[in-house]
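Here Swiss-Prot flags 8, 9, 10, 11, 12, 13, 14, 15, 16, 17, 18 as ATP binding site. Look at Swiss-Prot and you will find 188, 197, 200, 203 tagged as Zn(2+) binding site, backed by sequence analysis.
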């Protein structure tokens with residue numbers, strides 16, 4: 001039996017990963033992390049979606065220690081979430097240091113326990129957000145370290161790594177879940193479901209990708225299929 005664990009926030013990317021994983025694996029587990037995030041409404045959204053889509057199990061892990069250690073606008077109400085700035089340089093203040101290191105490591109421990117062969121995460125380098133822990137190089141390095149440390153070949157899969165946000169919408173549509181992803185996920189840094197606040201970087205990236213896809217579905221769908229190997 002093929003099993004996978006999806007790092008699941010209830011946002012566009014991880015929900016698309018879950019939708020695909022449910023088609024590719026016999027048993028899919030979801031793991032969501034409560035780190036005291038500003039947009040913690042995503043936890044309830046993740047619960048609803050994991051149940052609705054048919055995950056075998058869904059665990060919400062308390063990692064609020066991260067909130068104490070990592071200073072970010074996503075962990076501190078006193079730090080405002082910035083509006084989207086297309087020319088902004090450097091690491092944005094929405095970056096939570098160590099978040100993906102912790103999430104992927106804990107997800108791998110869970111995968112070990114449930115005998116899953118893969119941990120799936122929705123990080124992406126094509127629409128690079130300025131987050132160093134979304135890079136392919138980082139994921140591969142951590143995967144190698146975790147496999148060595150557990151003496152077990154647990155594979156980190158990043159199905160969205162080389163597709164852009166428009167193509168991510170196409171992937172959801174390929175599996176017949178575009179409307180669900182658009183209306184029932186929570187990507188917004190300000191914790192607003194669906195189309196979100198419309199101002200933060202997460203909402204801007206999501207909206208631009210959707211508009212691009214809806215404007216030229218055949219071309220974007222073809223590009224997505226070529227990059228992912230889907231037919």
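Note: Cβ is positioned from N, Cα and C throughout, glycine not excepted.
Location within the structure of each feature annotated in Swiss-Prot.
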| residue | record | contacts (Cβ under 8 Å, 6+ apart) |
| --- | --- | --- |
| 8 | ATP binding site | 14, 15, 17, 18, 30, 31, 32, 46, 49, 50, 55, 58 |
| 10 | ATP binding site | 32, 42, 43, 44, 45, 46, 47, 48, 49, 185, 186 |
| 12 | ATP binding site | 168, 169, 172, 181, 185, 187, 206 |
| 16 | ATP binding site | 122, 160, 168, 171, 172, 177, 181 |
| 188 | Zn(2+) binding site | 39, 196, 197, 200, 202, 203 |
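In the three-state DSSP assignment, the secondary structure recorded for residue 197 (Zn(2+) binding site) is coil. Neighbour counts of Cβ atoms within 10 Å were compared across the binding-site residues 18, 197, 203; the minimum falls on 197. Summary of the ATP site environment: with the site residues 8, 9, 10, 11, 12, 13, 14, 15, 16, 17, 18 set aside, the chain residues having Cβ atoms within 8 Å of the Cβ mean position are 6, 46, 49, 122, 185. Reduced to three states, the DSSP call for residue 8 (ATP binding site) is coil.
Neighbours of residue 14 (ATP binding site), defined as other CB atoms within 10 A of its CB across all chains, total 26.
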